[in-house]
Amino acid sequence: MTTIAVVGATGQVGQVMRTLLEERNFPADTVRFFASPRSAGRKIEFRGTEIEVEDITQATEESLKDIDVALFSAGGTASKQYAPLFAAAGATVVDNSSAWRKDDEVPLIVSEVNPSDKDSLVKGIIANPNCTTMAAMPVLKPLHDAAGLVKLHVSSYQAVSGSGLAGVETLAKQVAAVGDHNVEFVHDGQAADAGDVGPYVSPIAYNVLPFAGNLVDDGTFETDEEQKLRNESRKILGLPDLKVSGTCVRVPVFTGHTLTIHAEFDKAITVDQAQEILGAASGVKLVDVPTPLAAAGIDESLVGRIRQDSTVDDNRGLVLVVSGDNLRKGAALNTIQIAELLVK
């Protein structure tokens, strides 16, 4: 008898988790949903029955003792407070926030890349990577295995859903506010008022913001999204000295993160070799031109536009473009795939 819990079940990623649990026929006899007091008491249809959402603030170790796996997507603050409680009650927690990713005693797992790390549990918690890192890892791991990855230069073009529901609502409202005046931006960037900037530094509608995430106050002038890309890539690939430089850009796309990756390797690797490797890689789909619209709603990371990097000698550099659904594989799906590994 397996019992699974979804914490943050009514949120943006939680909704996708519920859908995927049904689609994948996850082997659970009992499912419990948790959310904040604001959403507690709601009834959600799941597998033909209605399940009442429980108030996470009322949870106790005793009330949680039947749970085997808990999928968390309730934000870092809630995870820090409640994930240890679920773990103490006997559950293995798979957390989608950034709360535990840098903890040396918490494995950071991409199901296709380092699944065996699930056996190294100290705190009863497994961390899910950031959605941008997630898109890249199934692509980079098999290339690393073939040629030895030594350096990454990455630019990411991240959808507004990566900022949560506030990002989605902000873009939709700004597009509506500008309306038919949008073509006036051709000659004047101030031609129309997009309204409230929401969670961003400037209007996102009809714009590109080279500032995704929050500025880290450590003198590097990097955002937390850019540092996550470096730190998480090193941890997942087991390459603590991997050189990673990233610029994370927010773009007016609802779902789907796209990355341009300049990868340098220890050994030569040609475009033909890379295509052959990636064509056989798990969690990867080889296409001519990856786009966020094409990636939205599918499980795989799309990879294409593969070229030799002419700035790296001896055919040791590749340029690739990757697109991935930041809500699906970038968050919900990988969490569930980890849970599937746990209950096998």
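Even glycines carry a Cβ here, placed using N, Cα and C.
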Among ASN326, ASN334, which residue shares the NADP(+) site with THR10, GLY11, GLN12, VAL13, ARG38, SER39, SER161, GLY162 according to Swiss-Prot? ASN326
Which recorded positions (THR10, ARG38, ARG101, ARG250, HIS257, ASN326) fall within 10 Å of CYS131 (active site, acyl-thioester intermediate) by Cα distance? HIS257, ASN326
Going by DSSP, is ARG250 (substrate binding site) sitting in a helix, a strand, or coil? strand
Among the binding-site residues listed as ARG38, ARG101, LYS228, ASN326, within 10 angstroms of ARG250 (substrate binding site) by C-alpha we get none
ARG101 (phosphate binding site) and ARG38 (NADP(+) binding site), distance between Cα atoms, whole Å: 28
Which residue, of the binding-site residues THR10, GLN158, has its CB surrounded by the fewest other CB atoms within 10 A? THR10
Does DSSP put HIS257 (active site, proton acceptor) in a helix, in a strand, or in coil? strand
I'd like to confirm something. Which of the recorded positions, THR10, GLN158, SER161, HIS257, ASN326, has a Cα closest to the Cα of ARG101 (phosphate binding site)? ASN326
